[in-house]
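Student: Below is one structure. I have some questions about it.
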Amino acid sequence: MTSYNFKTQTSFPLLLSISFFFLLLLNKVNSTGSLSFSFPKFAPNQPYLIFQRDALVTSTGVLQLTNVVNGVPSGKSLGRALYAAPFQIWDSTTGNVASFVTSFSFIIQAPNPTTTADGLAFFLAPVDTQPLDVGGMLGIFKDGYFNKSNQIVAVEFDTFSNIHFDPKGRHMGINVNSIVSIKTVPWNWTNGEVANVFISYEASTKSLTASLVYPSLETSFIVHAIVDVKDVLPEWVRFGFSATTGIDKGYVQTNDVLSWSFESNLPGGNSVASVKNAGLSTYAA
């Protein structure tokens, strides 16, 4: 288990203040392009989500990203769930960039807390994004090398330290075009506990911040980096979750998302494509 210093944690009330501040920023933007949704829980065959590989929604309304058989998580599993409508993250005509906030809750539970793998990520990628490698690649990368053509920004919640591209111990990280994070902080994962996550991107400062709170512990873990999404991402993207379990026997965990909300503003833009034209007939119930 990784040790922590005070700089990696902050109080729960402070986290709420940070969250409220970014919500105010979004509400003050005069914008014709916005996207807002909330899933307090999920529904099987959710019409506004694209499910890839092992991802599904259970009868209890949980977004189960990786495979579970008879209550036991499977190895070598990969699942992703994306918001179906393409999202305009920046405007090529005006040069404007969207600010956004997203929050979600998840549970990672492992039969053996000493052999967890591999993790869960929130990510933005090209509209035609498809699942890539299992295990440490978290389903969003195909190798450990930086590649500008990947056009991916992600926040990872990594439960297994891969020697070639991870820091020691479980960690949160911000990834730009590579599984090697540009910034990480140690993360004191708690087996089977609900984690509440808040991620914000402020376009004017290019500031990407992710916070994770275990409500029962009233502490949080925060990672922050400067990311120019206009330089990294295409104008239109899809976004959502990806998760994997380990390749080696016994290195498994559940990767379950309980709820999800998102809000964005793009000054002068469209922000989101018409749901009618987003290809939802393929995924609708």
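Going from the start of the chain as shown, residues are counted 1 onward.
Cβ atoms are placed via backbone N, Cα and C, with glycine included.
Got these off Swiss-Prot a minute ago, pasting:
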SIGNAL    1-31  signal peptide
CARBOHYD  Asn147  N-linked glycosylation site
BINDING   Glu156, Asp158, Asp166, His171  Mn(2+) binding site
BINDING   Asp158, Phe160, Asn162, Asp166  Ca(2+) binding site
CARBOHYD  Asn188  N-linked glycosylation site
Student: Round to a whole number and give the Cα-to-Cα distance in Å for the pair Asn147 (N-linked glycosylation site) and Asp166 (Mn(2+) binding site).
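Tutor: If we compare the Cα positions of Asn147 (N-linked glycosylation site) and Asp166 (Mn(2+) binding site), the gap is 17 Å.
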Student: According to DSSP, does Asp158 (Mn(2+) binding site) fall in a helix, a strand, or coil?
Tutor: strand
Student: Quick one: pull the CA-CA distance for His171 (Mn(2+) binding site) versus Asn188 (N-linked glycosylation site), whole Å only.
Tutor: 8
Student: List the residues in the vicinity of the Mn(2+) site, defined as same-chain residues other than Glu156, Asp158, Asp166, His171 with C-beta within 8 angstroms of the site's C-beta centre.
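Tutor: Neighbours within 8 Å of the Cβ centroid, excluding Glu156, Asp158, Asp166, His171: Gly119, Phe157, Thr159, Phe160, Ser161, Pro167, Arg170, Met172, Gly173, Ser181, Thr184, Trp187.
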Student: Using the structure shown, find which entry in Asn147, Asn162, Asn188 (the recorded positions) has the sparsest Cβ neighbourhood within 10 Å.
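Tutor: Comparing Cβ neighbour counts within 10 Å for the recorded positions Asn147, Asn162, Asn188 gives Asn147.
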Student: Starting from the Cβ centroid of Asp158, Phe160, Asn162, Asp166, which together make up the recorded Ca(2+) site, report each further residue of the same chain whose Cβ lies within 8 Å of that point, ordered by sequence.
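Tutor: Filtered neighbour residues, in order: Ala117, Asp118, Gly119, Gly136, Thr159, Ser161, Phe165, Arg170, His171.
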Student: Which chain-mates of Asp158 (Mn(2+) binding site) that are at least 6 residues away have a CB under 8 A from its CB, listed by sequence?
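Tutor: The answer is Asp118, Gly119, Leu138, Asp166, Arg170, His171, Met172, Gly173, Trp187.
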Student: Out of Glu156, Asp166, which of the binding-site residues is least crowded by other Cβ atoms within 10 Å?
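Tutor: Across Glu156, Asp166, these binding-site residues, the one with fewest Cβ atoms within 10 Å is Asp166.
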Student: Could you tell me which three-state DSSP class Asn147 (N-linked glycosylation site) falls into?
Tutor: coil
Student: To see if you understand the setup: which same-chain residues, six or more apart in sequence, place their Cβ under 8 Å from that of Phe160 (Ca(2+) binding site)?
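Tutor: Set apart from Phe160 (Ca(2+) binding site) by at least 6 residues yet with Cβ under 8 Å, we have Thr116, Ala117, Asp118, Gly119, Gly136, Asp166, Arg170, Gly246, Tyr251.
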Student: What is the total of other Cβ atoms whose distance to the Cβ of His171 (Mn(2+) binding site) is within 10 Å?
Tutor: 24
Student: Given Asn162 (Ca(2+) binding site) and Glu156 (Mn(2+) binding site), what distance in Å do their CA atoms have, once rounded to a whole number?
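Tutor: Distance (Cα to Cα, whole Å): 13 Å.
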